[in-house]
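Straight from TrEMBL, the features:
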- A:Glu81, A:Gly82, A:Thr83, A:Arg112, A:Gln126, A:Glu130, A:Arg255, A:Tyr259, A:Tyr260: L-histidine binding site (BINDING)
- A:20-312: domain 'Aminoacyl-transfer RNA synthetases class-II family profile' (DOMAIN)
Amino acid sequence: MAFQKPPGTQDILPGTTEKWQFVEEKARDICRRFNFREIRTPMFEATELFQRGVGETTDIVEKEMYTFTDRGNRSLTLRPEGTAGVMRAYVENKLYGEPDVSKLYYVGPMFRYERQQAGRYRQFHQFGIEALGSDSPALDAEVIALAYTFYNEVGLKGVRVEINSVGTSAIRAQFRDKLLAFLLPKRELLCKDCQSRMERNPLRVLDCKTDQHHFEGAPSILDSLDEECRIHFEQVQSNLQAMNIPFTINPKLVRGLDYYTHTAFEFKAEGIGSIDTIGGGGRFNGLIEEIGGPSQPGVGLAIGLERTVMLLAGQEAELEKRSRIDIYLVALGEQAEQRISGLLYELRLRGISAERDYLGRKMKAQMKSADRLQARFTAILGDDELDRGEIALKNMANGEQRTVALSQLADELIQSLKGDV
RNA sequence: GCGGAUAUGACUUAGUAGGUUAAAGUGCUAGACUGUGACUCUUGAAACACGGGUUCGAAUCCCGUUAUUCGCCCCA
């Protein structure tokens, strides 16, 4: 009986890893330009950190965590999201003591025990950023701009930006009461899901897909904002406009984690089954205090990398370039094979991607291999060439072949690679 | 947690009242071309997810398991 990977996990194989590398390199490059610096935190943390940070009543904490007890009897949990761990590190390492705003990013796997479907896995990867220590709306906008740039440069088409303000927790509580007052008389009319949502998270009811007409005249959170919240939200918008980032306001946008305040936003795109959110985030001004740190504001977001990779298109040329090799060395006979080892190493030291045959195959099979690897050149070494101290260098694209001195192979190849695009 | 669908060589599929040796394309192997990949022709290897049941006979029908997939909930 062969082993199988656990449900909801995946093997990312050569051919697909190139896409991942492309996406991750883009993420890092954009973070460099925006001056976000990488932070790496543990893959698991104390369970309580997520209970406090993500929120006791969220689905994530209630039914989706991979929680286990270690040999020291500690309750630990595989991180279901990245923010809580980063906040913990920020507090534990006293990064708030530094003079500047902490602008951090991370890339890595997250774990949630959910049923798999298109674009949803139990182990999935997020690219996330957090800007801590300032409540400037310019930073909210910058975080949105960074994600927008990322999607753009990675080549995704039709990504929509939706923003909302969810106010402070006091305003949300007030709004919840107002909303419930509106909903309760209609309770029997609402779908089953909405009825249960009314108890769990009334703000989500407005997002219902089946019975939208019941919600005409429903109160909007935007009308419940106080002066401070409204100004913040307006400034986020004007900052986005200053950067020419297109966005729409969606007053029904609510996010699944408890910690958001003020700005909440999502990035949406079509093409992954019934899922349309490919990234999201918001401001979380109470979170750091909640997990035992100083009162410091923050804003951040997380981008689903599986979903990004799934939507990648139009990057074939770039990706193909990554998987090609420069040269394949064909050796005929034992003597030639030994000579090839030295040559191969020399080429590799000089920055050339080079490969050879390890299965003792005939020339024809070696040539096929070179073709499969999309080698730009092959070099053929047989008895004749060996005797003369030469090697045949062949351009695989046009079939041209010439003989060069063994000692000159690397130089000749580097010259040829320059001319050959 | 709930519901639907699916499972045939490495890959994509055919297999339609249960009935010989399970078919094809791609890929792989070897050859035509004894030192040259791609195109063409030929050769060979390679599969009914697993376990039960019905039947003279099961890839095909039934049940279970596992996995995959899609949707709900929720989320990236």
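Any Cβ shown, glycine's included, is placed from N, Cα and C.
A map of TrEMBL features onto the structure.
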residue: A:Glu81; record: L-histidine binding site; DSSP (3 states): coil
residue: A:Gln126; record: L-histidine binding site; DSSP (3 states): strand
residue: A:Arg255; record: L-histidine binding site; DSSP (3 states): coil
residue: A:Tyr260; record: L-histidine binding site; DSSP (3 states): coil
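The full span of the recorded L-histidine binding residues, A:Glu81, A:Gly82, A:Thr83, A:Arg112, A:Gln126, A:Glu130, A:Arg255, A:Tyr259, A:Tyr260, taken as their largest Cα to Cα distance, is 21 Å. A C-beta separation below 8 Å, combined with a sequence spacing of at least six in one chain, links A:Gln126 (L-histidine binding site) to A:Glu81, A:Gly82, A:Tyr106, A:Val107, A:Gly108, A:Met110, A:Ala302, A:Ile303, A:Gly304, A:Leu305. Counted within 10 Å of its Cβ, the other Cβ atoms near A:Thr83 (L-histidine binding site) come to 25, all protein chains included. Long-range neighbours of A:Arg255 (L-histidine binding site) (same chain, six or more residues apart, CB within less than 8 Å of its CB): A:Val166, A:Ala264, A:Glu266, A:Gly280, A:Gly281, A:Gly282. Under 8 Å, Cβ to Cβ, and six or more positions away along its own chain, A:Tyr260 (L-histidine binding site) finds A:Val166, A:Gly282, A:Arg283, A:Phe284.
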